[in-house]
């Protein structure tokens, strides 16, 4: 049964145009072609990326956060309460009004105290500013290096300037060593993002992020199997061109450098919209949809690849909507922040006002703080 499924999966008509077989893509006469077995290395490389990331965040990003004076906001801790904690862990973090009233009777707290407890408890679970900074630093470093490496791989190739060259001689197109490593590193990195997504900072677009990572992994893998390597390198470099700008804007935002963050964000927004909403659909997707039909009839792989491109483009439109919302806030003078982030909740009680005046509270009383500084 396994052999039958294996044969169906690798049926040439699924992956290659008519009248071509896998035998046509066997190495010969000094020409080397992409092979499915090449991708096995990406899984151990993904785990190596996780190790490198841990070392980078510990020994590079953390000291950098100190140099940039990344500071945590004071968070009031929820008073230990077994009844409320059990409901929080087993039922929901956002109780309805009826639940709040029920918990008030069970715990012996007032309704307002229960509401305040849940706000503080949710804030305790939110990722720290340092964690966000470290993640942004790691992704900024990778995306910047990947973009520079990607441009080095494709800038001297004829298909970078003439998209019809992408399909010249397809699929009998020899693979270059630079293309091999570019693919292996990019795919390994996205595997590592998928493996770490459960422990990374969760944002409002968590589901969209999973879809994006899975779609990207499928696209990169499929383009390798079907020898869509020339188109694949263009698509990967195009995506990396704006990602490092977003991550650098986040880093400066966490460090409190608002003007720098806003300026970089405007550049990022322009690059994102130009690359993802103009160049990708009207140049790259036009290239993958129309030009191949001049060479061979449409086949399953052709439809599958372009379907996955449409999935990615849909996500780009969704994220562009969030970016435009942030740009509107910037233009109107409001603070630019990541629309995908869960904002820290505030407590409008008298106790919170006391924090602003006298510092953090301990068991309802202000903690003395003799570290006074001059106000600017």
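Glycine is treated like the rest: Cβ placed from N, Cα and C.
Note: TrEMBL annotation is automatic and uncurated.
Just so it is clear, the model here is predicted, and its values are computed rather than measured.
Residues or ranges marked as DNA-binding region by TrEMBL: 69-129. Along the DNA-binding region (69-129), the predicted structure has mean pLDDT 83.
The compositional bias 'Acidic residues' feature in TrEMBL is assigned to 344-354.
Marked as domain 'Homeobox' by TrEMBL: 67-128.
The domain 'TLC' annotation in TrEMBL covers 131-332.
What TrEMBL records for 337-376 is region 'Disordered'.
Taken from TrEMBL, the feature transmembrane segment covers 39-56 (among others).
Look at TrEMBL and you will find 140-160 (among others) tagged as transmembrane segment. Same-chain residues lying 6+ beyond the ends of the transmembrane segment (140-160) with a Cβ under 8 Å from its Cβ atoms: 56, 166, 168, 176, 178-179, 182, 185-186, 189, 230, 233-234, 236-237, 240-241, 243-244, 247-248, 250-251.
Long-range Cβ contacts of the transmembrane segment (210-229) within its own chain (Cβ-Cβ under 8 Å, at least 6 residues beyond either end) map to 15-16, 25, 33-34, 36, 38-39, 170-171, 173, 175, 179, 183, 186-187, 190-191, 193-194, 197, 235-236, 288, 301, 304-305, 308-309, 311-312, 315. According to TrEMBL, the transmembrane segment annotation covers 210-229 (among others).
Feature annotation from TrEMBL assigns transmembrane segment to 264-284 (among others).
Taken from TrEMBL, the feature transmembrane segment applies to 304-324 (among others).
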Within the same chain, the residues 6 or more beyond the ends of the transmembrane segment (264-284) and with Cβ under 8 Å of it are 163, 231, 234-235, 238-239, 241-242, 245-246, 248-249, 252, 313, 316-317, 319-320, 323-324, 326-327, 330, 336
What residues in the same chain, six or more past the boundaries of the transmembrane segment (39-56), come closer than 8 Å to it by Cβ-Cβ distance? 137-138, 141, 184-185, 187-189, 191-192, 195-196, 221, 224
